[in-house]
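For reference, the structure is listed below as structure tokens.
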């Protein structure tokens, strides 16, 4: 009220500007309050950790098929990391399996659980080996660029998420350039990397995963009987000694800086049908059981005699639906 008393001495236009200015100042003050500001603009650490973990669990339960190990390991690893207020190092997950088993899909779900814009978030960074690091003779340049990129982005947002795809096509030695960022350092040049998340995607080790899965099947045991302990050590050794892997003799494995090697099991016929059903429903169409079965039957399976696992997982489901439905 005291501010309103001299108003009669102020010209109408000036008074209008003053009121508008005060309103704008008040609005700026309100929006600058972190939660409200982040409602309008994307922020680092956008979602509360418990909300991110809950969203991750829900999406994996609804959308990921035939990957009980992935569901269990990824949820526990990410939830534990997000809820830990005193992490000693960044979280490093290495996802392994054949094409079409869900590696890219899971990395997408993780990104969406932490940031509303998911893979489109300015705090989520994707690298594809054949696209971003194509030439072996430029490896030293790539190392410098990669280190600068990681350092710069973590300086802006401690909870930066880095996804490296096609690790089996990464040039040997390039992966080791990011070793300092994954190690147990409190600070590197004044920057802490302990809240960052690194996800590596690779086909390397898929043979070992299939070998274990087939052994269980031939011994009359279900895929759900497979435990992480049946895979983890053999998988890490297989990847470490694979010359076609970006982790070939890598210090990331030698120094135990990869927290979890996550095996994606090859998908069976029933899982392919689940993928087809979900894709049809996501497009708003009524599921035609005949078409669903035909698409699943058209996929190729291995081993040749048993025909247990889809050799492309669910990779070509989308294209096959386009053939059967006039979208």
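Positions of Cβ are set from backbone N, Cα and C atoms, glycine also.
TrEMBL tags one of the stretches 12-31, 32-51 as transmembrane segment, and that stretch is 12-31. Comparing Cβ neighbour counts within 10 Å across the binding-site residues 97, 100, 102, the minimum falls on 100.
Among the listed binding-site residues, namely 99, 101, 104, the Cβ with the most fellow Cβ atoms inside 10 Å is that of 101.
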